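Enquirer: Starting off with a structure, shown below.
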Amino acid sequence: MRLHDTLHAAKRVFSPKNSERVGVYVCGPTVYDLAHIGNARSVVVYDVLFRLLKALYPEVIYVRNITDVDDKIINATESENKSIAELTAHYTKLFHEDIEALNCLSPTFEPRATEEIETMLHIIGRLIQAGHAYVRGGTVYFSVESYKHYGALSGRKLGDMISGSRVEVVAEKLHPGDFVLWKPATDLDMKLGACWPSPWGVGRPGWHVECSAMSYRYLGDSFDIHGGGADLMFPHHENEISQSCCAFPGSEYARYWVHNGFLTVNGGEKMSKSLGNVITVRGLLSNGVDGEVIRYVFLSTHYRKPLDWGDKAVLDAKEALNKIYRSCEGFSAQLLSTGLEDVGVHDAVMASLRDDMNTPAAIAALHELVKEINKTNNAGEKLRLARVLNKSAMLMGMFRNFPERKLLDMRGLVDEGEINRLIEKRVEAKKCGDFKLADEIRESLSNMGIGISDGKDGSTRWHRKN
């Protein structure tokens, strides 16, 4: 298997420390709000990696943390008039429900930051003792100049980072790029109970040391793969490497750094509450977008490339899934799930996934299988190929309820609200002169078993095909 390693800026053959036990750490959610599709893309990407590694190695330890204390959580707790425990428990529950709808496996361990304070204090103490951290007025800072490789992951020079917008300039720092490991408790922290005793005074941890502590607690000072979104590369992951390697001399921390690309909406817009364009997983599910459709959209683009979310991407995913479901509509779910041990994952699917998780190529291979299924008239061969299709798709976390429920959903039991929404979208596209999109929507509706006719007065009528 090959993975693109950000630290080396190249694809590398994956060679774990221990071929019997692979260790993976991925930065998880900060639980103060609903998960949006950018969060969800990252979860799905590393779910595929987890599934692939489980297919290739005897044991995989997958750790994905929960950040349950930070400034955003404290501010949300104050504004919603809840305790931190109530707020974080609520949004953790909703996060789990959302990613369950996307058919994501549970990680091996899911530590919460507040449960690992002692480990954080241990790491901070080691850094101070080794001269990599210092105390100023109850705040503990990491000295970036003490680590000669600082900036290697993000490809930045220390001098260039000083002028960056994410570097906080504070007079008491030895260097403007130094970052917080421990901060004194504010009155609000004390009021909400978001603070703990330490040798440097009552306070709470900085964000970066949380992940170093949780990865160390469950995977040791060095492990195989660290994953996360590209937006976390700097400063979060850069700081993680620095403090972990300095706290444990001789450790390489993570052997491979994997980052998934950015997600935008509506033709390249960055999601923002101020723009009102944040799309949550829960919102999509509530509007009738199936979790499998969401997952398919994510996997249709290579994980390292930018992904733009829009109606067309959803329509394309529905059409593609519909073609796959129809190829197996003569078989029950029980029949397709029986005898899977006698068939293997399609060679082209496995080869694509082993090549830096190339899910678009793997999906293309699934559609080639669909063509073979549709072409053969031999019932036994059709069933064998359908089982290969099912097993191959399962490796990517697809086809959880394959095929019966999905076929019904896609073959005519389409919600009227969804039909009307698509028709309104088509009318709007025609008004704007986007006839290509209008034609694509017509074709999508047709594939769902819906015919439409345009009246001379500009109205559009629809009917279910027989």
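Heads up, the Cβ atoms here are built off N, Cα and C, so glycines get one too.
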Enquirer: Can you match one of C195, C211 to the Zn(2+) site that Swiss-Prot gives for C27, H236, E240?
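Expert: My reading of Swiss-Prot gives C211 as the candidate in that site.
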Enquirer: State the residue range annotated as motif ''HIGH' region' by Swiss-Prot; the candidates are 29-39, 139-149, 249-259.
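Expert: Checked against Swiss-Prot: motif ''HIGH' region' maps to 29-39.
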Enquirer: Check each of the ranges 110-114, 155-159, 270-274, 380-384 against Swiss-Prot and return the one annotated as motif ''KMSKS' region'.
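Expert: Within the set 110-114, 155-159, 270-274, 380-384, Swiss-Prot attaches motif ''KMSKS' region' to 270-274.
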Enquirer: Pick the one among the binding-site residues H236, K273 whose Cβ has the fewest other Cβ atoms within 10 Å in this structure.
Expert: K273
Enquirer: DSSP says what for the motif ''HIGH' region' (29-39): how many helix, strand, coil residues?
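Expert: Each residue of the motif ''HIGH' region' (29-39) counted once, the result is 3 helix, 2 strand, 6 coil.
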Enquirer: So around the Zn(2+) site, C27, C211, H236, E240 aside, which residues have their CB within 8 A of the centroid of those CB atoms?
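Expert: So the additional residues around the site are W207, H208, E210, S212, H226, G228, L232, H237, N239.
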Enquirer: I'd like to know which of the binding-site residues C27, C211 has the most other Cβ atoms within 10 Å of its Cβ.
Expert: C211
Enquirer: Using a Cβ cut-off of under 8 Å, list the residues of the same chain at least 6 residues beyond the motif ''HIGH' region' (29-39) that approach it.
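Expert: Long-range Cβ neighbours of the motif ''HIGH' region' (29-39): 66-68, 70, 72-73, 75-77, 87-88, 91-92, 94-95, 98-99, 229, 262-263, 265, 271, 278-284, 294, 309.
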